[in-house]
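Remarks on the structure that follows.
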Amino acid sequence: MTRKRPAGPGGGEAPGTAVDGPEAGGAPVRDGGEAAAPAQPPCRDPVAEVVVDIAAQDVDRVFHFLVPPELAGRLQVGHRVTVPFGPRRVEGTVVGFAPVPEVPPERLRPILALRDPIPVLTPALIDLARWMEERYLCLFVQALRAMLPPGARGDRVSPAPRRWVRLAVDPAEARARARELAGRAPRQAAVLERLARSGAAGGLPQAFLLQQAAAGPEVVKALERKGWVVVEERLPVLDEPAAAAEPAGPPPPLTPEQAAVWRKLEPALRAAGSGDDPGAGGTAPGRPQEGDQGSPASTRAGEPAGAPPPRCGAGVPAPAGGGAAPQAFLVHGVTGSGKTEIYLRAIAAVLARGQGAICLVPEIALTPQTVARFRARFGNRVAVLHSAMTPAQRLATWRAIRTGTKPVVVGARSAIFAPVPRLGLIVVDEEHETSYKQEETPRYHAREVALARARLEGAVVILGSATPSVETYHRALAGELGLLELSRRVGERPLPAVELVDMREEFEAGHRSIFSRRLLELMRQRLEAGQQVLLFLNRRGYHTVLLCRECGFVLRCPHCDVSLTFHQLASGRLVCRCHYCEHRQVPPATCPRCGGVALHPFGLGTQKVEEAARQLFPGARIQRMDADVTARRGAHEAIYRQFAAGRIDILIGTQMIAKGWDVPGVTLVGVVSADTALHMPDFRRQERTFQLLEQVAGRAGRGSDPGQVVIQTYSPDHPCLQAVADHDYRALFDLESAARRELGFPPFGHLIRAVVAGAERPPVERAAARLAAAWRAALAEAGVEGGSVTPAAPAPIERLRGRWRWHVLARAADGPALREATRAALASLRPHWPRDVLVQVDVDPYSML
DNA sequence: AGCACGCCGACT
DNA sequence: GTCGGCGTGCTC
Ligand SMILES: [Zn+2]
Ligand SMILES: [Zn+2]
């Protein structure tokens, strides 16, 4: 009954196979390592709990491995290791220890090697991965992977695949054998032929080779048996750490309003991570995982407080605050009110207490200017995590963070996982930005992860925005976040006047130009006065909508209330369909609201606007700035420089001109059309329109001139645009809140979207229908309040990367219950689920494409 | 007989 | 995510 597998024979342990041994990279790293992971005592438990780096449902759990003698007392939670797994070796992460194995001792196999001398993840991050698993319905290992530095990751991301195949005979002989085999073993022949053709003495990666020869692994096995090829394993290596630091810089004085905000923030910062919060109660740190198996005696990261005497390798040192109420704040500050100075002070305060901080900024705002601001204050204690860095740079930076050398981290979304040792503060600037949502698995939102991580580590969170997301402001009103208002701009500069131009009147008057008469007139004035004009255009949506030119009407889905998009089918038929559900209808010939006949597709590109502008202002220097133009490296900066130097009269652009921090102000901003934003097929459309337009409006104003904003629209009476005209965030919030409450959208309900994808359409369609049925049944079974599931429907992007895609949306009032029912539905489907059809689950979806 | 392929379960 | 084992059905 024992299937013992002696490691040696047949298995071909090639000499080049050696992985980093325990000795690898000894001395220099250890000092830093100790400083970095202060709370981890050496561990003497004989069994390590390891999660292997394989993203598959049935191995997504802890496996026990023997701690080999050379690692005893050195191995820590968070270490990356190589372990034997079935017939091969895989990478994995140590997530805990146990005094006794969960399997009979003879089945225990030893850890083969340490991959990196420093524990790559902190115990707190491993707790966070558990939280993500529950919150985003992803695999535990997917959450862990999202946290790993590039290069430490195994599998496909690593520089070299594991298995390589090379010829054991010379290419000429291989070709001869291939010819012999061509008749009865065509696959083997193809493999030999491909190897002979490659000419590389080292051979080819097995995965690549098999794909090229369209063969399965048994083909290589057969050739190996015949002694014509050799199979061997090769592993990538990690490199070494970075240097030390020194501080810099003085702080400017605060305005009275900033000072008031600071007075509320400062006590919380003083309590951060100390566990002496007045509210410290008995709440366990991470919400205990449902279905969390493993021997009760085992120790893992994030052992709930109150468990038996902490064993070695246990989680965060008494997860700070002992589970105190989250110390989280929303700084709602209008543009130019000095939020950044508040962040900088807060960071300085935690640094002074020997703690670290993470500051998230949207990718688009991670400019040299932004970085300079942090460096001016904190010198080389600042680490910047940037997507444009090479893997080697990223890894070096990451090490400096992990060892505590650089306690201030500035970066975009994924910087939320920076392994800062004693985390005291997380700042999420522009918290409403949708770029904080990751659009691939694990589909997390960095703001939500920030709040969870801060809770686990006892850190303070500061969310900042001039136009907070409805979700966040709702929490602030509910008292979950401390609401701190900065309503005055530094220097008391007034906000620009906003004027709405009714494009229906233009239509009626027979003016079919992109520019209204009013906008043209103002442009002319400003240009004559030698001033600059900014024209803003919403990025063209993925699809267009039908818009009535006479009254501004747009078709909406009767179930979901989002705009229907307009399509011409291959057959020539026209349809309008919902991005959320299965609803579709024939476009009406006349407008259902006004009866007019001007119901046409609506959409505008930057090129069109540029053409029109050139025609109307032949003498003006006009520059377009959109994704096409800025694709060239440096184009972005070059255009800004030209604009700042006054060498451009009219700048035409999309989102990016609104979001850069460093664009010089102009006296006239023209929004060519607010309607693309206003009619996005998205339940957040009003919030997003407001945010976008407020941000664009923020570009207006130069010197003492507050500037002027003109917004063209077919819906000038729309309350969302009225709110923009009044710069009234609260009005927008009330409006959007009411709409979402009505329909059970966040924050008044929760959404989960599932995409079913596969190479063939019929099985995908069938699987999606099964999913919808099982999901509906699970919600009913659990009696989830307000639970509903749409019928399966083709996703708005029905074909993507060679796959057919269908989707299903579920909605319910209670988030945890909805997730639980979703888990149950997915589990119930597992038995006969086709292997080549995959399900992508998106909790709190932003994009429905 | 030998080979290829698809389907399943196991991996500590 | 891969591997081996097994059953099926094909070709020389
Ligand atoms: Zn719908
Ligand atoms: Zn109409």
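Cβ coordinates come from backbone N, Cα and C, glycine included.
TrEMBL has this to say about the protein:
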type	residues	note
BINDING	A:CYS548, A:CYS551, A:CYS591, A:CYS594	Zn(2+) 1 binding site
BINDING	A:CYS557, A:CYS560, A:CYS578, A:CYS581	Zn(2+) 2 binding site
DOMAIN	A:320-486	domain 'Helicase ATP-binding'
REGION	A:1-42	region 'Disordered'
REGION	A:270-319	region 'Disordered'
Cα-Cα separation of A:CYS557 (Zn(2+) 2 binding site) and A:CYS594 (Zn(2+) 1 binding site), in Å?
18
Just to be sure I understand the packing, how many Cβ atoms besides its own are within 10 Å of the Cβ of A:CYS557 (Zn(2+) 2 binding site)?
20
Between A:CYS581 (Zn(2+) 2 binding site) and A:CYS591 (Zn(2+) 1 binding site), how far is it from one CA atom to the other, in Å?
23
Should we count any of the binding-site residues A:CYS557, A:CYS560, A:CYS578, A:CYS581 as near ligand 2, judged by a CB under 6 A from one of its atoms, and which?
none
Ligand 1: which of the binding-site residues A:CYS548, A:CYS551, A:CYS591, A:CYS594 have a Cβ closer than 6 angstroms to it?
none
Select the most exposed residue of A:CYS581, A:CYS591, A:CYS594, where exposure means the fewest other Cβ atoms within 10 Å, treating these as the binding-site residues.
A:CYS594
Along the domain 'Helicase ATP-binding' (A:320-486), what average pLDDT does this model show?
92
Around the C-beta of A:CYS551 (Zn(2+) 1 binding site), how many further C-beta atoms are within 10 angstroms, looking at every protein chain?
18
What's the CA-CA gap between A:CYS594 (Zn(2+) 1 binding site) and A:CYS578 (Zn(2+) 2 binding site) in angstrom, rounded?
22
Roughly how many Å separate the Cα of A:CYS591 (Zn(2+) 1 binding site) from that of A:CYS560 (Zn(2+) 2 binding site), to the nearest whole number?
20
Can you check what DSSP calls A:CYS578 (Zn(2+) 2 binding site), collapsed to helix, strand or coil?
coil
Between the Cα atoms of A:CYS560 (Zn(2+) 2 binding site) and A:CYS548 (Zn(2+) 1 binding site), what distance do you get, rounded to the nearest Å?
21
For the recorded Zn(2+) 1 site, whose residues are A:CYS548, A:CYS551, A:CYS591, A:CYS594, find every other residue on that chain with a C-beta no more than 8 angstroms from the centre of their C-beta atoms, and list them by sequence position.
A:ARG549, A:GLU550, A:GLY552, A:PHE553, A:PRO592, A:ARG593, A:GLY595, A:GLY596, A:ALA598, A:LEU599
Taking the Cβ of A:CYS560 (Zn(2+) 2 binding site) as centre, how many other Cβ atoms lie within 10 Å?
21
For A:CYS548 (Zn(2+) 1 binding site), list the number of other Cβ atoms lying within 10 Å of its Cβ atom.
25
Quick check: with A:CYS557, A:CYS560, A:CYS578, A:CYS581 left out, which same-chain residues have Cβ atoms within 8 Å of the centroid of the Zn(2+) 2 site Cβ atoms?
A:PRO558, A:HIS559, A:ASP561, A:VAL562, A:LEU564, A:HIS579, A:TYR580, A:GLU582, A:HIS583, A:THR790
Neighbourhood of A:CYS578 (Zn(2+) 2 binding site) by C-beta distance under 8 A, where only residues 6 or more apart in the same chain count:
A:CYS557, A:HIS559, A:CYS560, A:VAL562, A:LEU564, A:ARG584, A:PRO681, A:ALA793
Secondary structure at A:CYS548 (Zn(2+) 1 binding site), reduced by DSSP to three states:
strand
